[in-house]
């Protein structure tokens with residue numbers, strides 16, 4: 001990446017980190033501190049955690065579509081203000097209903113798709129995987145830090161302190177957007193003049209995009225379900241004290257980040273992202289089976305989680321880049337909105353279904369659900385077309401192994417309606 005791309009990606013990654021750190025800090029402590037709220041019940045505590053993902057999912061597409069028409073940065077400011085307001089409402093509430101309302105308002109600041117679209121706008125197509133990988137690493141590091149900071153801050157300042165810090169981080173993110181994030185270049189395409197409903201219809205009719213949307217849905221369903229069962233596996237079955245779990249997760253995630261980087265580079269430089277993606281989905285399913293059937297010690301559980309998060313991090317970094325390559329430039333925000341909606345619905349369903357199955361069938365129910373969903377994703381991934389790439393002249397090309405020569409390749413591009421020199 002060149003200097004302007006590095007600066008833009010670093011700034012947007014910082015915005016993502018500020019926002020996600022605030023959200024993740026609540027997760028390891030809410031179940032412990034939530035019962036202290038007036039009117040709290042287990043069902044309402046679960047609703048307070050999950051309602052954020054529900055409102056996020058419902059508003060991703062509207063935010064993404066509006067950003068296509070009104071501008072990325074304007075929608076980011078609006079979303080961060082809403083997010084900060086929700087954090088302050090939750091911080092000021094000592095009743096569970098107030099916290100639920102605050103969490104719902106946090107989710108209403110649904111800017112994930114807008115941030116990803118802006119990353120795509122500010123980077124060249126051949127650098128997009130690196131940019132998205134940087135965002136993915138930032139999210140993962142934010143999660144790792146939250147496992148340490150959340151319990152410490154919760155013990156010192158309670159839930160109000162965590163929500164208050166989250167509001168401050170949102171304001172800091174607004175300053176970063178104002179001072180460090182450049183304005184994206186104006187893109188003149190036919191898609192920009194389409195009505196929002198037409199752009200959404202165009203995105204929902206694209207089989208390539210729908211396959212990637214199912215992928216992120218399955219990925220986050222598996223992740224949420226994993227954290228319903230793995231803490232019980234580590235504490236009840238393997239005897240790891242809860243106070244020592246932070247270092248266990250931290251070592252797994254840091255090492256898995258480094259392990260996935262070479263595969264990202266190979267997939268992009270060798271134009272083999274489909275092979276890498278299918279291999280990562282298969283590894284994710286195998287790691288889930290290993291955690292389910294072969295976690296007889298902390299060592300085997302560590303390796304199961306290592307391979308799970310190695311595959312997870314690779315997929316989390318690769319899927320947004322593939323979405324940005326496949327989506328029309330004028331409807332990129334809409335495509336990212338559908339993508340992020342799928343992600344948050346997956347997380348919501350993984351938590352809801354995983355909780356029900358944990359009560360009904362224990363670990364077998366949760367891990368069985370994960371394996372079935374991941375195997376379905378593997379079938380979808382294996383049967384999808386290879387992603388589009390660019391040649392050195394900036395032209396979008398289809399990697400079709402049946403093309404015998406350059407003329408056939410040009411003919412296929414013409415049939416597919418791919419325009420030379422047009423940004424994806």
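Don't overthink the numbers, they just go from 1 along the chain as shown.
From the backbone N, Cα and C atoms, a Cβ is placed for every residue, glycine too.
The annotation domain 'Major facilitator superfamily (MFS) profile' is assigned in TrEMBL to 8-388. Summarising the annotation, TrEMBL assigns region 'Disordered' to 400-424. What TrEMBL records for 9-31, 43-63, 75-93, 99-119, 131-150, 156-178, 214-234, 246-266, 275-295, 301-323, 344-360, 366-384 is transmembrane segment.
Listed stretches 9-31, 43-63, 275-295, 344-360, 366-384 were compared with the transmembrane segment (214-234); the greatest number of C-beta pairs under 8 angstroms is found for 344-360. Touching of the transmembrane segment (75-93) and the transmembrane segment (301-323) is ruled out by the presence of fewer than three CB pairs under 8 A, sequence neighbours closer than 6 excluded. The highest tally of CB pairs under 8 A with the transmembrane segment (9-31), across 43-63, 131-150, 246-266, 301-323, 366-384, is held by 131-150. Long-range neighbours of the transmembrane segment (301-323) within the same chain, counting only residues 6 or more positions beyond its ends whose Cβ lies under 8 Å from a Cβ of the stretch, are 116, 119, 128-129, 131-133, 135-137, 139-140, 209, 212-213, 215-216, 219, 223, 226, 230, 233-234, 238, 248-249, 251-253, 255-257, 259-260, 263-264, 267, 273, 276-277, 280-281, 283-284, 286-288, 290-291, 294-295, 335-336, 339, 387. Beyond its flanks by at least six residues, the transmembrane segment (366-384) meets 208, 211, 214-215, 218-219, 221-222, 225-226, 228-229, 274, 277-278, 281-282, 284-285, 288-289, 291-292, 353-354, 357-358 of its own chain at Cβ-Cβ distances under 8 Å. If you look at the transmembrane segment (275-295), the same-chain residues 6 or more away from its ends with a CB under 8 A from one of its CBs are 215, 219, 222, 226, 230, 233, 237-238, 263-264, 266-267, 301, 303-305, 307-308, 310-312, 314-315, 318-319, 322, 363-364, 367-368, 370-371, 374-375, 377-378, 381-382.
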